[in-house]
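The feature signal peptide is assigned by TrEMBL to 1-35. Feature annotation from TrEMBL assigns domain 'DOMON' to 73-211. Annotation comment: TrEMBL describes 192-387 as domain 'Cytochrome b561'. Here TrEMBL flags 233-253, 260-286, 298-315, 327-350, 362-384 as transmembrane segment.
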Amino acid sequence: MEKSNPKKISYLRFLLVFVVALILVWEQKISPVVAEYYDEDTHDCCNCNRNMSQFLPSRYKHFTNMTCADLWSPFTLRYFKSKDHIMTIIVSAAYTRGWVAMGFSPTGVMAGSSAMVGWIGEHNKASIKQYYLEEALELMVKPDQGDLNLTHVKPAVVLYRSTIYLAFQMHFGSRKSQQFILLAYSDKTPVDDRLKEHIERTTITFDFSQGSFSEALQDLQDKVMIFKNSHRIFSIFGWGALLPVGAIISRYFRHHDPLWYYLHASIQSMGSIFVLVTLLAGELLYRKDEPDVSLHRALGYLTLILCILQVLAFVKRPSLDSKMRWYWNCYHALVGRTALFLGALNIVIGLQIGSSSTPWKVGYGVLLAATLVTVIILEALSWLGKPVKVRSPAFKTNLNH
């Protein structure tokens, strides 16, 4: 019987060990992992009893005593904190396409937060990245940046049945136990690592020491609604009622001198105050809710500037017998009408992007229609030479208007 070659056996044993070690190292290095699809269509993202060892990569399989909490449909959070303050987090959600994200915010809002985002792209390619949300705008969401101090253990994203799992580790020593957690998802898959706007998002306060959470921003959401309604009311009263009425008085009722002047100046001043309050409420709303309203904000600031120009023009108006008076009148009328048009346009834009309910839209529509009908009637009467015509005042005033 031929004897075995000890050197050959030793070589084969070494080769086998090397291959196994290479496989283990390779699995540890890979960041995204896509698990096998199954025929059953079971939505088990919220099942805390799910045995994840059958589909998670080995570096996340040995955590058996993870705390589990169903946060917000469709998100479930599992986590384990080691004695050396290493936090292992596995967040799962029902998934069809697009991206899902879990973020940490120092203030409870999107701006300044850092998030782990995972998705399944073309050809079942899984991706998971950290993002820094510098502002609540798509262009200001920075991939491969953020304040999460991740460990050397590579993050992973797994699609199992109809549930996506995001797994990552981070150093948690310097963080407080109670954290603002952002949860969001979208049905649009990122292109070139650029995230599209979320469909829905929420913010909660999670206590990692107790495994409990609360709707932390319920008070904040109530404040957001207060700011939103205040913004709508002041905007509609300012741009939709006061300023148009003041302009109508100035154009069609000058024969009631000096009453028209006092009414015009008073109403326009009050309207300008409403415009300023509208902008302040809008800024507070933006800082609390951070919607993507770039055009709406730009028009808001532009119309405020036009109002300021009107006030300055009023203060620096030339005398009635000045040669510059005609040019001043043209400027004053042009800037005023431009401001009114942009103000009305901005209200329509705001009601649309703010997902305003039907009563708000109908209410402003009725107000705008009534204003336009009034202007048309008064303009027609002025052209027909009816009592609304401009005539010399019954007495002279010393007002320089």
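Cβ coordinates come from backbone N, Cα and C, glycine included.
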Range from 233-253, 260-286, 298-315, 362-384 with the greatest count of C-beta pairs under 8 A to the transmembrane segment (327-350): 298-315
Among 233-253, 260-286, 298-315, stretch most in contact with the transmembrane segment (362-384) (C-beta, under 8 angstroms): 233-253
For the domain 'DOMON' (73-211), mean pLDDT (0 to 100): 89
Within-chain partners of the transmembrane segment (260-286) [C-beta distance under 8 Å, separation at least 6 from its ends]: 224, 227-228, 230-231, 234-235, 237-239, 242-243, 245-247, 249-250, 253-254, 293, 296-297, 300-301, 303-304, 307, 310-311, 314, 343, 397, 399, 401
Counts by DSSP class (helix H/G/I, strand E/B, coil) across the domain 'DOMON' (73-211): 6 helix, 76 strand, 57 coil
